[in-house]
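A short worksheet on the structure shown next.
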Amino acid sequence: MASSSLDTEAGAGAQHKAGGDGSGYTTAATAHAVDTDSWQQVGLLLVTGFNCAYVLSFSNLMMVPLGWGWGAACLLLLAAAAWYANWLLAGLHVVDGQRFIRYRDLMGFVFGRKMYYLTWFLQFTTLLLGSMGFILLGGRALKAISAEFTQTPPRLQWFIAATGFVYFAFAYFVPTISAMRNWLATSAALTVTFDVALLAVLVRDGRSNDRSGRDYSIHGTGAEKAFNALGAVAAILVCNTSGLLPEIQSTLRKPAVGNMRRALALQYTVGAAGYYGISVAGYWAYGAAASEYLPNQLSGPRWASVLINATAFLQSIVSQHLFTVPIHEGMDTGLQRLEEGMFSRYNMTRRLFARGLLFGVNVFVTALFPFMGDFVNLFGSFALFPLTFMFPSMIVLKIKGECDGRWGRLWHWGIIVVSSAVGLATSAAAVRLILHNASVYRFFADT
C-alpha cells in the first residue's frame, strides 16, 4: 500500500542524518529549480499572485450575481473548502518514496497514463485561459490610462499586444518561480498601492452616492439568476486556488509539506483579506451597478485612476508569471539542455522561441475574443473543480484504501460527488455566457 509524504518525509530526514543523499526519495528531472525557497517567499508569492488585476473584476463577477447574503456565504464557504483541499494536496507531495513536482505526474503515478494526460489537459487549459485573462486585464488597464489623456484612445488590441510583449520579456529574463524572489518586494509594494488607493476611492464613492437608492437586488429572469449565480461560484473558486500547487510546492525547502501549509495559511488569511476586501467594497459602493472593471467606474481624480491602473498593470507582470511558469517548465524541460544553466546561449535561444510562440498565440486569441468574464468563469468551472476538490480526494481514497475508515471514505466520496455536480453546473453556466457574448461581440471587438 502506498504511503503519503507525511510519513515519507520523516523517513527522509532519518536517512539524511544517517549520511544518505539527503533526499530519501526520487524527483523527476526538470530545467527549473527545486528545494530552494522559504515558505515566507512562497507565501508572499501566493498573497501577491492572487491579489492581482483580477480583483478589479470580482465585485461584478462574484457579488452582483449573488447579493449580500449568498455572496458572503459563498465567499467564506469556498475559501474554507479551497484551503482544506490544498492543505490535503500538500500532504501528497511524496508517495511511495517518489516526490512529485508536477500535478500530472502524481495523477499518472496513482491512476495511470490516462489520468496523466487528463490532468495535463486540465492544468494547461486552466493556465492558458488564465494567461489570456491577465493579458486582457493588462490591456484594459493601459487603455484606461490612455483614455485619461485623450478622448480617442487606440483600439484595445494595441494595448493587448503591448501587454503580451511585456509579459513575454519578463518570462524570458525571469524564467522560474524561484527567480521571482527579487521581484516580490516590488510586487508587494504595487499590490498595497493599488489596493489602498482603490479602497480609498471606493469608500469615498460609497459615502457620497445615494445610499438609500442604491440597488443591491439581483436582476434577471429566474434562469438568468441561476446561471449567473453559478458563474459567480466559479469566479470565487478562481480567486482562491490555482490548480498548480505541486508545481509551487516543488520550490520549497524541506520539509516541503509543512512549509507549503504555512504558505497556504498566509494566502488564506492575509491574501484573502485583500481580494475579498476589494470585492466587498466595490459591491458596497456601487451595488448591482458595479462595473466588470472597477477603475472605469471610479469618480476620483485623474491621478488616482492613473495610479490604480498603472500599479495594477505593473503588479500583474509578476502575478501572471506565477500562473504560466508550469507551462514554461514543461517546455523548458523538453527543449533545453538540462546540464546547462538557464542562461546558456543554447537554452536562451530555445527559450526565446518557446516563450515567443506561447505569448504570440495567447495575444492573438485574447485580441480575437476580448470577453472579460468568460476567462474567469470558464477555467474556474471547467478545470479548477476537479483539480482542487476531486483529484486530491481520489488520491487519498486510492493510496489509503481501508486505512482511512468508513467515515473517511464517505467524506472523500462526498467531496467527489458534490464537486463533480457543481463543476458540471458551473461549466454549463460558463458555456452559456460564452455563447451570449459570441452573439453580442464581433471578432477583434474594441471593448
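A Cβ is built for glycine as well, from the same backbone N, Cα and C atoms used for every other residue.
What TrEMBL says about this protein:
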REGION    1-22  region 'Disordered'
DOMAIN    36-428  domain 'Amino acid transporter transmembrane'
TRANSMEM  42-62  transmembrane segment
TRANSMEM  68-95  transmembrane segment
TRANSMEM  116-136  transmembrane segment
TRANSMEM  156-174  transmembrane segment
TRANSMEM  183-203  transmembrane segment
TRANSMEM  226-245  transmembrane segment
TRANSMEM  265-286  transmembrane segment
TRANSMEM  352-372  transmembrane segment
TRANSMEM  378-399  transmembrane segment
TRANSMEM  411-435  transmembrane segment
Taking residues 6+ outside the transmembrane segment (352-372), which of them lie with a CB under 8 Å of any CB in it?
-> 57, 128, 131-132, 135-136, 139-140, 156-157, 160-161, 163-165, 167-168, 171-172, 292-293, 324, 327-328, 331-332, 335, 434, 437, 441, 443-445, 447
Near the transmembrane segment (411-435) in space but 6 or more residues beyond its ends, with Cβ under 8 Å, are 85, 226-228, 230-231, 233-234, 371, 373-374, 377-378, 380-382, 385-386, 388-390, 393-394, 396-397, 404
For the transmembrane segment (68-95), name the stretch out of 116-136, 156-174, 183-203, 226-245 with the most CB-CB pairs under 8 Å.
-> 226-245
Annotated stretches the transmembrane segment (183-203) and the transmembrane segment (378-399) touching (3 or more Cβ pairs under 8 Å) = no
Do the transmembrane segment (116-136) and the transmembrane segment (265-286) come close, with at least three CB pairs under 8 A (pairs 6 or more apart in sequence)?
-> no
Give the one range among 42-62, 156-174, 378-399 whose Cβ atoms make the most pairs under 8 Å with those of the transmembrane segment (265-286).
-> 42-62
Mind checking which residues of the chain, 6+ beyond the ends of the transmembrane segment (156-174), have their Cβ under 8 Å from one of its Cβ atoms?
-> 131, 134-136, 138-140, 142-143, 146, 180, 182-183, 313, 317-318, 320-321, 324, 328, 351-352, 355-356, 359-360, 362-363, 366-367, 370, 444-447
